[in-house]
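Undergrad: Under the heading domain 'tRNA/rRNA methyltransferase SpoU type', TrEMBL lists 14-153. Among the features that TrEMBL reports, S-adenosyl-L-methionine binding site is placed at Gly112, Ile133, Ser141.
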Amino acid sequence: MGVADPAAVRPARVNVVLVEPEIPQNAGNVVRTCACTGAQLHLIEPMGFNLSQRNLQRAGCDYWDDADIVKWPCVEAFLEAHGADRLHLFTGKAARSYADACYGAGDFLLFGRESRGLDAALLARFPDGCVRIPMRAEQRSLNLSNAVAIAVYRALSQQGFPDLV
């Protein structure tokens with residue numbers, strides 16, 4: 001598994017950012033989505049697992065070598081490196097649908113912890129970047145890896161699915 005140093009970040013058509021993910025199987029499934037789409041995956045610590053954990057490896061199957069993964073020590077380090085211009089923060093608290101957002105090459109799709117989502121302070125800092133995936137009101141939330149897949153394919157559809165067959 002190749003996890004790059006933040007200094008080695010390369011431009012990507014879309015970037016997936018998992019802020020403090022907790023469940024290794026979800027992260028493994030996201031690795032697979034990123035490998036299949038060419039998205040770069042940014043993992044922000046602390047995480048609820050280590051990258052050598054068996055469940056994480058199993059969920060990512062044999063896609064680890066094809067995934068472009070960067071690990072960050074904290075959300076502030078990530079934001080310092082990338083700024084706020086191209087952020088889409090996925091939250092059930094947003095008024096705007098993810099389908100109404102414009103996604104460009106290199107945009108960052110941020111997702112929070114499985115148990116509570118992105119921190120309120122982070123959402124308050126970037127209110128114009130907050131989007132939601134519509135769902136039935138009586139349900140709590142989508143699975144993290146499913147939400148990531150929905151968002152990645154929406155972003156790539158607006159770019160004409162570059163390099164995908």
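Just so it is clear, glycine is given a Cβ too, placed from its N, Cα and C backbone atoms.
Fair warning: this is a prediction, and the values are worked out from it, not measured in the lab.
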Undergrad: Which of the three DSSP-derived classes (helix, strand, coil) applies to Ser141 (S-adenosyl-L-methionine binding site)?
TA: coil
Undergrad: Enter the number of other CB atoms within 10 angstroms of the CB of Gly112 (S-adenosyl-L-methionine binding site).
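TA: If we count other Cβ atoms within 10 Å of Gly112 (S-adenosyl-L-methionine binding site), we arrive at 23.
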Undergrad: Note the Cβ centroid of Gly112, Ile133, Ser141, the recorded S-adenosyl-L-methionine site, then list each other residue of that chain whose Cβ lies within 8 Å of it, in sequence.
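TA: Apart from Gly112, Ile133, Ser141, the close residues are Phe90, Thr91, Gly92, Phe111, Gly117, Arg132, Leu142, Leu144, Ala147.
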Undergrad: Taking Gly112, Ile133, Ser141 as the record's S-adenosyl-L-methionine-binding set, what's the max Cα pairwise distance in Å, rounded to a whole number?
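TA: Pairwise Cα check on Gly112, Ile133, Ser141 gives a maximum of 14 Å.
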Undergrad: How many other Cβ atoms are found within 10 Å of the Cβ atom of Ser141 (S-adenosyl-L-methionine binding site), counting all protein chains shown?
TA: 15
Undergrad: With Cβ-Cβ distance below 8 Å and at least 6 positions apart along the chain, what are the contacts of Ile133 (S-adenosyl-L-methionine binding site)? List them in sequence order.
TA: Phe90, Ser97, Tyr98, Leu142, Ala147, Ile150, Ala151
Undergrad: Counting each residue once, how many in the domain 'tRNA/rRNA methyltransferase SpoU type' (14-153) are helix, strand and coil under DSSP?
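TA: Tallying H, G and I as helix, E and B as strand, the rest coil: 57 helix, 31 strand, 52 coil.
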